[in-house]
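One structure is given below, encoded as structure tokens.
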Amino acid sequence: AGAMAMVTVNLRTVTSWVGIARLSAVVLSCIAFSLVASTADFQGPYGTWCMFTWCFCFAVTLLVLLLELLELYPKLPLSWDDFTSAFSMLAALMVFTTSVVFPSTFISSPCNNSKCARQAVATTASCLCFLAYALEVGLTRAKPGDVSSFLSTVPGLLKVFEAYVACLIFSLLDLSMPATHDSKVGLQWCVAVYSICFIITLLIIIFTIGRCLAYMSCPLEKMLVGYNALALVMYITATVLWPLYSFRGINRPNPCGKDCWWDKHLGVTFLTIFNLIAYLVDLVYSTRMVFIRAP
């Protein structure tokens, strides 16, 4: 009975705007994966990815709600605000990708049977689920001057974005193209850039959530600015070298099927540009936070 008395229920968890956004995400992700499961058509890597995204986001968001409802999260050995900020950003990116990938892969026109209708409703639920996570990101984002949790600031949210885009790049890497020795070396350098930046960015996220950064004796904020500057320079080289060595003197194969290396390399080119912009914005914001502090 004593142990039962220790557990308190905080109903504000589900009645606040953040709580409502999380509840909506739980319901919508559940609708999406249930409808797709009922069609039994989610084979292949893309279908597996979509189902994993909905189930993963559903499970973690439900866990977050339960831990906050029962006020058990302070007992966890991690920075809760950083964890929830990073997860909501990651979930928004994952569900957004799924909301694009699923209909383009599985819904064929004309859409005139019950299976297609269920897939269309699942896609709509997925899009609304993305909006729920985006709302949560907006509501929990740190206001200027508030640096209570790093991952809820703009540079922190960008770290999650950069790591996620790097994962998308890895999923598209296909070095089966016809290549000379020079172009192979150039492309290997680009893969090294993606890998190094991904590993360091992921470590920053993990150390922040695990509250490990406080134990470091060096001026951490200035080190992050230095890392962002280095990552930006590395991504500039990748943005130039990847398309140069991927497409120079090589025409698009005809036919170019679903797993065509050309299309994958084009996707990597665009994702590299997205990450280049992200690291640039990250550098500008983190420089302002460290060197141009508001009075």
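Note that Cβ sites are derived from N, Cα and C of the backbone, with glycine treated the same way.
Just so it is clear, the model here is predicted, and its values are computed rather than measured.
Per TrEMBL, the features are as follows:
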type: DOMAIN; residues: 13-145; note: domain 'MARVEL'
type: DOMAIN; residues: 150-291; note: domain 'MARVEL'
type: TRANSMEM; residues: 20-40; note: transmembrane segment
type: TRANSMEM; residues: 46-67; note: transmembrane segment
type: TRANSMEM; residues: 87-107; note: transmembrane segment
type: TRANSMEM; residues: 119-138; note: transmembrane segment
type: TRANSMEM; residues: 150-173; note: transmembrane segment
type: TRANSMEM; residues: 193-213; note: transmembrane segment
type: TRANSMEM; residues: 225-245; note: transmembrane segment
type: TRANSMEM; residues: 265-285; note: transmembrane segment
Most Cβ pairs under 8 Å with the transmembrane segment (193-213), selected from 119-138, 150-173, 225-245: 150-173
Region pair the transmembrane segment (119-138) / the transmembrane segment (225-245), three or more CB pairs under 8 Å: no
The domain 'MARVEL' (13-145), counted residue by residue under DSSP: helix, strand, coil: 109 helix, 0 strand, 24 coil
Candidate ranges 46-67, 87-107, 225-245, 265-285 - greatest C-beta contact count to the transmembrane segment (150-173) (under 8 angstroms): 265-285
Number of helical, extended and coil residues in the domain 'MARVEL' (150-291), per DSSP: 113 helix, 0 strand, 29 coil
Averaged pLDDT score, the domain 'MARVEL' (150-291): 87
